[in-house]
Amino acid sequence: MKKMILPVALGAAFAAASFSVASAGTLEDVKERGKLRCAVSTGLAGFSYTDENGKWQGFDVDYCRAVAAAVLGDADAVEFSPATGKTRFTMLASGEVDILSRNTTWTFSRDVDLKFTFLGVSYYDGQGFMVKKSLGVNSAKELDGATVCIQTGTTTELNLSDYFTAEGMSYEPLAIETNTEGRQNYLADACDVYTTDASGLAASRATFENAADHIILPEIISKEPLGPLVRHGDDQWADIGRWVLNAMKISEEKGITAANVDDMAANSKDPEVKRLLGVSGEMGASIGLDNDFALQAIKAVGNYGEVFERHLGTETKVNLARGLNASWTEGGLQYAPPFR
Amino acid sequence: MSASTVPADNSFQFSQLWRDARYRSYTIQIIALVVVLSVVMMLISNAVENLEALGKDFNFGFLSEPAGYDIGQMLVEYSAASAHWKAALVGLLNTLLVALLACVSATVLGVFAGILRLSNNWVVSRLMAVYIEGVRNVPLLLQILAWYAVFIHVLPTPKQALKAPVIEGAVYATNRGFYVPGLTLSNGYLFVVGALLASVAGIFVFRKWARKRQEETGQILPLGLISLGLLIVPAALVYFAVGMPIALDYPIAGRFNLQGGLKVGTPLIALWFALSIYSGAFIAEIVRAGIMAISKGQSEAASALGLRPNRTMSLVVLPQALRIIIPPMISNYLNITKNSSLAIAVGYMDLTGTLGGITLNQTGREMECMLLLMATYLVISLSISGVMNAYNESVKLKGR
């Protein structure tokens, strides 16, 4: 007699089971998790740094807190992930973080090729140069032949190359990975010039022992509109991020602050303030949030001007004037669309 | 019917695949192959699907777009207007440069340290033990950063270096790099290069002849001196005959840096130092193991024949130890090459820094860049391993 044998039909058993990335709405994911995941800079005075208690602080950090407050009602429900210039886009694209708030310049290729959605401009910046006063340089046009420290993976290296080519000058690049290493190389005289966004230069200079020995040259060689960004393809999530930022700017125009926001919600006669703070209308609900999402955000971190002054303003070590970043009512560029 | 019985009519039955020892190993191998292929297919299809979900296509077209960034240290012509593939090539050459330099110096250092660790002199052997154990047990990245920090903080800035040159007007050590005179080539320099190559060939022939002569007559010629003469004299004659086609380009003071000459950047030096010293310690242990594996009778016999200790080492012990040393040495060379990818820590633009760093960032093509990067390292490593294996084959003990 013949014994039955097991048929060797393996192909079917291994029909490729595919597991794909989470494609459900980011909002649902965040709510379910109860935490917002936010990528910030690895350490840049004023923008994102950890204070003596190990708590993340800064301009970019507070934006994440505002979003967390708007979405989850808790400004501390944020997991911060430090990202370098190189890792940030991969972190966002792979879904490791929900939002990237790391002084990132809004450019065509990042918007289109890398498939990200920029949520607005939180800081209007431009690339500048910092040199030691002892060099006796007063203009970037005198930098022919200098060694320049640049952070890799940023628009700065492309701007730098363009600028020196356009001016017909040469330079020796020293590419470094993080702002901290850049500072070390610059201070050790391994390079003559440190270049990055002017705000970053001011922030770095604030941490130097002898800040007065360094000058930031007058030339600003690029437009650097910095802002938070999210992945393409989730318009609801992008809208939430965009309107939290806008709400912070509108609040400044309307004089709403962290201190008076409850009072304004209860007593203001201004219809736009009422809509913004969720007293009238169903604006919040239409993007999947509570109607008082803006109120929560402002209560947690304050309006745009408050956040700016707290981390970057003239009272801080970073010592940046509002300049282009003043509200349009004060002659600056910060201008939010109407909340209606 | 018993399972082990071969059917009389020799006809093949399906159950034999499983029950017959002649076929079973094939069955198992085929199953294993199918499993491995399925897993690989699953990973690939998953990646493709996810890339599609992210709206990213897979193509290498970006390599021909202009790179837009500059590189500090390069061996071939490159500017920001060059294409991304050119930037990758600059990076590849930089990787090969530092790997080659480090392989050579680590070998020299390792052989010395390995031999000295076996020295009868207590101080010398202890010193080597401290070096080997200290260096082997500290992570390489830290060593690279430490060397870099030493170089940028200890060496003078270009301005100070101009006041305190190593050789006035020619060699300067600054914290941005070492400046030495470069070569300016004009018409006819190829003759000099040709003469040099001919001299090298001549030295080989001469050494072969000298060895033969020694075997026949027992006389030893001053090989080193004659070789040196053979190398220099013809090239020098040709050099003056063609009208001095090679001139030196001395570094001079510039506004910020030294200008002209040949600059070897601090990142390269720091990386080279760290790689050599780190890998040298491993090689030293391999050399020591190789030497200790040679029976003591060999060196005693050599001494009995009247060979001095250094000749015993170089003519009797080392050639035999080489057979043991080479196989683990291959993997050390591979490690040096792969470890050179830590270059980005000190801003040396190797392949990982250009293709896997800035290009990846500016174009956002992670998959393409990473695959290309891994394939390149694979090819480099397999080539090194192939060459070394061939060498190993040529020196290993032949069965007679």
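Every residue, even glycine, has its Cβ placed from backbone N, Cα and C.
Annotated features, as they stand in TrEMBL:
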{"type": "TRANSMEM", "residues": "B:26-48", "note": "transmembrane segment"}
{"type": "DOMAIN", "residues": "B:92-388", "note": "domain 'ABC transmembrane type-1'"}
{"type": "TRANSMEM", "residues": "B:96-116", "note": "transmembrane segment"}
{"type": "TRANSMEM", "residues": "B:137-155", "note": "transmembrane segment"}
{"type": "TRANSMEM", "residues": "B:188-209", "note": "transmembrane segment"}
{"type": "TRANSMEM", "residues": "B:221-248", "note": "transmembrane segment"}
{"type": "TRANSMEM", "residues": "B:268-291", "note": "transmembrane segment"}
{"type": "TRANSMEM", "residues": "B:372-391", "note": "transmembrane segment"}
Determine which residues of the chain contact the transmembrane segment (B:372-391) at the Cβ level, with the cut-off under 8 Å and only residues 6 or more beyond its ends counted.
60, 88, 92, 95-96, 99, 326, 329-330, 333-334, 337-338, 341, 351-352, 355-356
Between B:96-116, B:137-155, B:221-248, B:268-291, who has the most Cβ pairs under 8 Å to the transmembrane segment (B:188-209)?
B:221-248
Sequence-remote contacts (6 or more beyond its ends) of the transmembrane segment (B:221-248), Cβ cut-off under 8 Å?
170, 181-189, 191-192, 194-196, 198-200, 202-203, 206-207, 210, 213-214
Are there residues at least six beyond either end of the transmembrane segment (B:96-116) with Cβ under 8 Å to its Cβ atoms? List them, or say none.
75, 124-125, 127-128, 131-132, 268, 271-272, 275-288, 290-291, 313, 329, 332-333, 336-337, 340, 343, 348, 350, 380
